[in-house]
Amino acid sequence: MSDYKNTLNLPETGFPMRGDLAKREPDMLKRWYEQDLYGIIRAAKKGKKTFILHDGPPYANGNIHIGHSVNKILKDIIVKSKGMAGYDSPYIPGWDCHGLPIELKVEQLIGKPGEKVSAAEFRTACRKYAAEQVEGQKKDFIRLGVLGDWDHPYLTMDFKTEANIIRALSKIIDNGHLHKGAKPVHWCTDCGSSLAEAEVEYYDKTSQSIDVRFNAVDTATVAAKFGVSAVNGPISLVIWTTTPWTLPANRAISLNAEYLYQLVQVEGECLILAADLVESVMKRAGITQWAVLGSCTGSDLELLRFTHPFMGFDVPAILGDHVTLDAGTGAVHTAPGHGPDDFVIGQKYGLEVANPVGPNGCYLAGTYPTLDGLFVFKANDVVVELLREKGALLHVEKLLHSYPCCWRHKTPIIFRATPQWFISMDQKGLRKQSLQEIKGVQWIPDWGQARIETMVANRPDWCISRQRTWGVPMSLFVHKETEQLHPRSIELMEEVAKRVEQDGIQAWWDLDPAEILGADAADYVKVPDTLDVWFDSGSTHSSVVDVRPEFGGHSPDMYLEGSDQHRGWFMSSLMIATAMKGKAPYRQVLTHGFTVDGQGRKMSKSIGNTISPQDVMNKLGGDILRLWVASTDYTGEIAVSDEILKRSADSYRRIRNTARFLLANLNGFDPAQHQVKPEEMVVVDRWAVGRAQAAQAEIMEAYENYDFHLVVQRLMQFCSVEMGSFYLDIIKDRQYTAKGDGIARRSCQTALFHIAEALVRWMAPIMSFTADEIWNHLPGERQQYVFTEEWYDGLFGLAGNESMNDTFWAELLKVRGEVNKVLEQARSDKRIGGSLEAAVTLYAEPELAARLNSLQDELRFVLLTSAAKVAAYADAGNDAQQSELIAGLKITFNKADGEKCPRCWHYTQDVGLVAEHAELCGRCVTNVAGDGEERKFA
């Protein structure tokens, strides 16, 4: 028996079956870096329309976690897909480098500034620490396959950026948005500083809930408001609070103008309570006997005076919409120095903003004899006892409720009125303009718009000052007596900015005011405050994007961060850009959810369900992590577990196997010489290229809409269903057995070439390492990297008016599936070995029969059987099986007649008819010794 193996066109490629990504990817990264891949892309895209995704800077502290990976990979997919779509999309990664978390780390290392080290030494240590953290995170981000200008990232602590942050503030001041005021701000007594809204977290805390009597100054006047002429005992307005420590700062009692209040007689006294809450107050106070003497509205009681239970002065009843009937008594203790609602209503009534609490959370001297120097949360018990002694305590109980805490220390915070600098929301119409700007932005998903609109509509003025060491200085001079800004503030800030651009923020603290103020130095002092770090990152559209030459003066197209950034970076950027430039800093804002485990639980070290991106890359490789990110609908929570990653690895293998099949069967194909013209190609080959064309249209649209999970789904459908289980299966016979350079094989290779050219581009934004590997194994002259390319424009398909159009092949796919079911059953029953042992008869209704017959003798190649014929549906015998999917089709089979050809494995009657090739079938003889078989359809 002759060996005909060397007459076959066996698949061959250097592209390995196993990805071995964890081992191979680092070598690819080395090559990308050494050859300056990012620079090559920029050169290739120069002059194209731009798309700027501006990187929200992660904080330069600690290792990257799985959430960081999701964020950076999503950004990279967008940047690369925009490149494919014909854009120049530069990506400059950034880091947020100032602020409290870094200060705390450095304090642990060298102590607090002003103790063991000077403030200047402390800042130097902070800068060094932040730089080290940046380098550590950078390595991991690069390992993810994220392409960017990693050698020239932006850092908020770059001298030039620090200077530009000062310039951003200067512009906001020039536009009239800054004001100074004593205002209650979130204050952490451990930090000794105010906190931004985004730095506040809520945890459950047990507090003392108290009902307190404030006695009426003029009993008769108050009684008359209720239509009562005489009462038994004093009248008191009862307030409710869960912060007894704030009572020394009480300056009023707030009522709701529209609520009904009742004067209630209890034993020896009268209480004023909201009518709807009388019963609940009586119940908790243990009062069983009472009588309602009269009623009036809150507005009737406005400006009546009541005595503070222990501070020795009286306070007014005032009206506010913030008073509700959810809990309490309907009367709210009001301390303008300790609450934003209290402050707002206090301004309306001209109340004193009392602030008896120091930065360390202890009462100042002169507050009250038994309270002076006491920490506020320890003072709660003292205040309750004081109220009890004074006969003012109606009731006390423990209450578990959600309470604001410092994100860093996890300890309860307070509202404390401090002299601070604010960007006003309403002084120059910033709120109104921001709300208008939001409408012009595309929010993805669209619920982001309502979310940020609500936040902007309800947010207080933005306190931008901090009392910290490591931060950008506000760079302001104020008058020693009036505390007014220097009239030349804008000019002076530019002078400071120039110095900071040369020497960094230390230049401000080293600056002798006389150097730039001259004679005014005697009357003006430097403001010691630093800027909120959210101002640093929120101004990067100006301090970075506007000045980096790569961006060519274009403003950002997209911001992309986690959904917590509506109140963080998206908000601060919107406020600053609108205050500076009168417009939003972005055109699109895309948000992704947080990572959770396979059961939907938050990632937590204590539960032990965290997954480290470093571990995944070291075990499975970066492309598996990237494919997992792309496969997930990122608009909700993003689930990750070993099982989920294993599924991504399985999907990856299917895609890789498809790519390998394409490459292996392009063996010996030179696209410059061997391409077959579309009109001369076998019909099924044109169909396959057409399926790639249809898939590409959907994939391009999904990339355009940032629906990456749909990209992956379509990619999988194309590889597994259209290619893997149909086309790639049926071409094996032609690919392996047809004449090597005959048109039947070259037609097939032409299709595979076009499909591979398209597929590698679809993959590149997501599975970047593998796409690069495929690119280097594709035949033909090409650019060095797939990442400089655009979507493949060489695809074509079948015309709709052809008889064998897409509809025809879609039906044939179904027919083949039905035949497979019959043959699979026969295999299970051991009636046949492989499908080539079968000769199939398809009994079909006339129209279907005509379509099947149009394939002539090539129907068998589609069905992968040695013979196939079509007969009338009515002629089907009892042994024919009715198709489940196609009403007018029945199927039967027999064992194929003839002998098995050892070369193509088909059973035919013409094996051995040619003496020189006595073992071969006629088709194989033509392919081995003749001009090669002719195929028209399949």
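For all residues, glycine too, the Cβ spot is worked out from N, Cα and C.
Keep in mind that this is a model prediction, so the values were computed, not measured.
According to Swiss-Prot, the features are:
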BINDING   GLU561  L-isoleucyl-5'-AMP binding site
BINDING   LYS605  ATP binding site
BINDING   CYS901, CYS904, CYS921, CYS924  Zn(2+) binding site
MOTIF     58-68  motif ''HIGH' region'
MOTIF     602-606  motif ''KMSKS' region'
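With a threshold of 8 Å between CB atoms, the same-chain residues lying at least 6 positions outside the motif ''HIGH' region' (58-68) that come near it are 95-97, 99, 101-102, 105, 130-131, 133-134, 136-137, 140-141, 155, 562, 594-595, 603, 610-614, 640. In the structure as shown, the Cβ atom of the residue listed as 'ATP binding site' sits within 10 Å of 7 other Cβ atoms.
Put simply, the residue listed as 'ATP binding site' is 68 Å from CYS921 (Zn(2+) binding site) when counted between their Cα atoms. Using the Cβ center of CYS901, CYS904, CYS921, CYS924 for Zn(2+), the list of other same-chain residues with Cβ within 8 Å runs, in sequence order, THR737, PRO902, ARG903, TRP905, HIS906, THR908, VAL911, LEU920, GLY922, ARG923, VAL925. Most Cβ neighbours within 10 Å among the binding-site residues CYS901, CYS904, CYS921: this distinction goes to CYS921. Calculated from their C-alpha atoms, the gap between CYS904 (Zn(2+) binding site) and LYS605 (ATP binding site) amounts to 59 Å.
CYS924 (Zn(2+) binding site) and LYS605 (ATP binding site) are 65 Å apart (CA-CA, integer value).
Taking Cβ-Cβ distances under 8 Å and a sequence separation of 6 or more, the neighbours of GLU561 (L-isoleucyl-5'-AMP binding site) in its chain are GLY56, ASN71, GLY568, TRP569, PHE570, THR591, HIS592.
Residues near CYS924 (Zn(2+) binding site) in space but far in sequence (CB under 8 A, at least 6 apart, same chain), listed by position: TYR4, THR737, CYS901, ARG903, CYS904, HIS917. Looking only at the motif ''HIGH' region' (58-68), the predicted model's pLDDT averages out at 91. Taken residue by residue with DSSP, CYS924 (Zn(2+) binding site) is part of a helix.
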